[in-house]
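Engineer: Residues or ranges marked as topological domain 'Extracellular' by Swiss-Prot on the basis of sequence analysis: 1-21, 80-107, 172-195, 284-310. According to Swiss-Prot, the feature N-linked glycosylation site maps to Asn10, Asn90, Asn297, an assignment based on sequence analysis. Taken from Swiss-Prot, the feature transmembrane segment applies to 22-42, 59-79, 108-128, 151-171, 196-216, 263-283, 311-331, supported by sequence analysis. For 43-58, 129-150, 217-262, 332-361, the entry in Swiss-Prot reads topological domain 'Cytoplasmic'. The disulfide bond annotation in Swiss-Prot covers Cys105-Cys183.
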Amino acid sequence: MRPLFYRCHNTTSVEKGNSATMGGVLFSTGLVGNLLALGLLARSGLGSCPPRSPRPPPSVFYVLVFGLTITDLLGKCLVSPFVLSAYAQNRSLRELVPGSDSSLCQAFAFIMSFFGLASTLQLLAMALECWLSLGHPFFHRRHLTPRRGAMVAPVVGAFCLAFCALPLVGFGKFVQYCPGTWCFFQMVHEERSLSVLSYSVLYASLMLLLVLAIVLCNLSAMRNLYAMHLRLRGLLRPGSRERAEPGAGEREATPLHLEELDHLLLLALMTVLFTMCSLPLIYRAYYGAFKAVPEQNGTTEETEDLRALRFLSVISIVDPWIFIIFRTSVFRMFFRKIFIRPLIYRNWHSNSCQTNMESSL
């Protein structure tokens, strides 16, 4: 029986009027972005060094970034080829592999939900690491090691594997979305099935909690950075040796917290875009579970659900490009010249003027 709200659930061909162009562009953009991000990590973030120089150990932050990049790359490589193949053969996911019935659709939906949740959890781990490094440096230095950071990806993978497999054992349901090239868990049910709707609400609630936790961690890290800035101003107060020249404050600040500022800016932008891409899915899951949807609006509701899924899939494409931009030396130099140096010089100049006025009196 075809679900009333999912008209493409049992279709065997791709719905007319749809093109693979956008899917191909998104796949190639995500693939190139993740590969470039991995190249940057291998070149600098994970400890590349000149000949005859000791190789520095990778930082916990870069280990986590590496895990997130690998996760996004795997998700993109496991999902997009099936979408492009479905368009090329004009077959839906249910019929793309003859004799598989709905097995491929089930696997596709599992992979989509798995990597969507795994990327979110790893982004939370990065936000926690940044917060601890700024707010609790002693605890961070003593307990957070690169080896422990490398354990985040396997632990996250094990949890997501168990959680996202629940629809395969009857708690929740995977369905095929129009135009026949997407499969995901069902968010609207004509009979208000408790198991189907409970899983979608549980998934959305977990995503919402993760989003809130990431935002709180970043806000706390920003507060710690502001406190560091106030301490820096204290070093540049009148009578302090560091006030003699602007470069001294800058040299003092650069190794102390400018790298952490880079990390925080990277996390903040990734979090904003991640939140924008995740909230539509969270909203659609709650909307389908708690609001009675008229049967005649089934097509409209499915279109909105599909739009939310596409927003979710953009995360793995955007994240590596943000990382590439922020780790580019030209961008970092531009940012520090525009934002950091004027701030330090302003503090030095105001303190210097105050000292001159006091001496003239």
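Each Cβ is built from the backbone N, Cα and C atoms, and glycine gets one as well.
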Engineer: Look at every Cβ pair spanning the transmembrane segment (108-128) and the transmembrane segment (263-283), keep those 6 or more apart in sequence, and say whether at least 3 of them are under 8 Å.
Structural biologist: yes
Engineer: Let's check the environment of Cys105 (disulfide bond): how many other CB atoms sit within 10 Å of its CB?
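Structural biologist: If we count other Cβ atoms within 10 Å of Cys105 (disulfide bond), we arrive at 26.
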Engineer: Between the Cα atoms of Asn10 (N-linked glycosylation site) and Cys105 (disulfide bond), what distance do you get, rounded to the nearest Å?
Structural biologist: 11
Engineer: Can you check which residue among the glycosylation sites Asn10, Asn90 has the largest number of Cβ atoms within 10 Å of its own?
Structural biologist: Asn10
Engineer: What stretch, picked from 59-79, 151-171, 263-283, has the most CB pairs under 8 A with the transmembrane segment (196-216)?
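Structural biologist: Per the Cβ under 8 Å count, 263-283.
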Engineer: In sequence order, what residues of the same chain, 6+ apart, have a Cβ less than 8 Å from the Cβ of Cys183 (disulfide bond)?
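Structural biologist: Counting only residues 6 or more apart in sequence, the Cβ neighbours of Cys183 (disulfide bond) under 8 Å are Leu93, Cys105, Gln106, Phe108, Ala109, Met112, Phe174, Val175, Gln176, Tyr177.
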Engineer: In terms of Cβ proximity under 8 Å, which residues at least six beyond the ends of the topological domain 'Extracellular' (80-107) contact it?
Structural biologist: 8, 10-14, 18-20, 23-24, 26-27, 30, 167-168, 174-176, 180-183
